[in-house]
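Per TrEMBL, these features apply:
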DOMAIN    58-244  domain 'Dihydroorotase catalytic'
BINDING   67, 69, 161, 314  Zn(2+) 1 binding site
BINDING   69, 70, 71, 101, 287, 318, 332, 333  substrate binding site
ACT_SITE  314  active site
Ligand SMILES: NC(=O)N[C@@H](CC(=O)O)C(=O)O
């Protein structure tokens, strides 16, 4: 894979973080120049320079997802590292963290290095493997955290996501262990005994439908325990896909106490509610489950006031046979990489609750910081400044599109936004100055300057 881009791009009239229009010049893999519109020194076409008409487009630092399921190795019928990372680029991402619940589980240096290499060779985004906390995600024995941290994949985020590290002693040991290399434990907060057989949020709708409920307390009890454990051992905790009003309250309290905790919310929990289960369409079956309108309001508020640090997709592609079945038999999970930015625009920007600068924080700089990928040669989530790596996403906030799962880059079609109109579209994505998306379409490596709006 070539990491150094050869084409110079002038993004004419782009609005960094939604501010005043400028020319952004990407050259040699970095942001080479920021000039008044039309005044960029590299502004003429020819000799490898491509001018992109970015009038009206918002420029963001390349998006970083802390929570993606790429399914390879093991379930390449649902997604591969190639298809999943192409979907990520299409969604404006330049880096993703790949969750460990693959087959085999990413619980050894060998598996995480393999995922890292396949990501590097695909070349769409930087792939940072997440290491499992426990061997086989079985919750019994700590995995080789140190070996994964020391491997070529340089793992810093550890999670049994899909399963909760419910044993408090194992959780304590993991929190203590990762301190040695400034790692973080990302917890899937789900008390297993309180959620046995659970199919959806426990509440009015589950009672009506006769489906076993997943009570809010099953999430909140684990978060409460874990923030206290993190405080006790002085370690860093990250809460995956927080979904209830009570969880927001607990994290707010913990931060107020100075506990080193960060939290994420998914795009779907920012907008969808458990009412959607009424149609028994398993597209809406997800873990944690869609909650109530009050919970949606609470997570929006938490994201707006900084209690929730980031938006992470929890992109969970599933093969058709795992979703085209009755609700109880269907797999948990929904895709999200190609709709995340639009949902954040709709729920948070268009409602006046976040600015585009805030979006850059919750979808780029903060997740990069939590994953400790914000420094070094392949730094992500950096500000749009001269000399910084040219990881840039161009968004058209005025665009509107109707979501069609079949037309997406992901290999799976389980998008919960099928047929919905969403605002905003990713027009271009640049990974260290190389275009991975132009004119809204993925550009394979080696076909850099195709399809440009010049
Ligand atoms: N988020 C999901 O609904 N599904 C995830 C794992 C999980 O169950 O959390 C998956 O890997 O499919």
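Positions of Cβ are set from backbone N, Cα and C atoms, glycine also.
Here the features listed in TrEMBL are placed on the structure.
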{"residue": "67", "record": "Zn(2+) 1 binding site", "Cβ within 10 Å": "28"}
{"residue": "69", "record": "Zn(2+) 1 binding site", "Cβ within 10 Å": "28"}
{"residue": "70", "record": "substrate binding site", "Cβ within 10 Å": "30"}
{"residue": "71", "record": "substrate binding site", "Cβ within 10 Å": "27"}
{"residue": "101", "record": "substrate binding site", "Cβ within 10 Å": "21"}
{"residue": "287", "record": "substrate binding site", "Cβ within 10 Å": "21"}
{"residue": "314", "record": "Zn(2+) 1 binding site", "Cβ within 10 Å": "29"}
{"residue": "318", "record": "substrate binding site", "Cβ within 10 Å": "26"}
{"residue": "332", "record": "substrate binding site", "Cβ within 10 Å": "18"}
{"residue": "333", "record": "substrate binding site", "Cβ within 10 Å": "23"}
Shell of the Zn(2+) 1 site beyond 67, 69, 161, 314, same chain only (C-beta within 8 angstroms of their C-beta centre): 68, 99, 162, 240, 241, 312, 313, 315, 316
Cβ neighbours of residue 161 (Zn(2+) 1 binding site) where a neighbour is any other Cβ within 10 Å: 26
Annotated binding-site residues 70, 101, 314, filtered by Cβ under 6 Å to ligand 1: 101, 314
Among the substrate-binding set 69, 70, 71, 101, 287, 318, 332, 333, as the record gives it, the longest Cα-Cα distance in Å: 17
Nearest-integer angstrom distance between the alpha carbons (Cα) of residue 70 (substrate binding site) and residue 161 (Zn(2+) 1 binding site): 13
Distance [Cα-Cα, Å, rounded] between residue 318 (substrate binding site) and residue 69 (Zn(2+) 1 binding site): 10
Mean of pLDDT values spanning the domain 'Dihydroorotase catalytic' (58-244): 98
Distance from residue 314 (Zn(2+) 1 binding site) back to residue 332 (substrate binding site), taken between C-alpha atoms, in Å: 11
Inter-residue Cα distance where the pair is residue 161 (Zn(2+) 1 binding site) and residue 333 (substrate binding site), in Å: 12
Distance from residue 67 (Zn(2+) 1 binding site) back to residue 287 (substrate binding site), taken between C-alpha atoms, in Å: 13
Alpha-carbon spacing, residue 69 (Zn(2+) 1 binding site) to residue 101 (substrate binding site), which is rounded to whole Å: 8
C-alpha spacing of residue 161 (Zn(2+) 1 binding site) relative to residue 101 (substrate binding site), in angstrom: 7
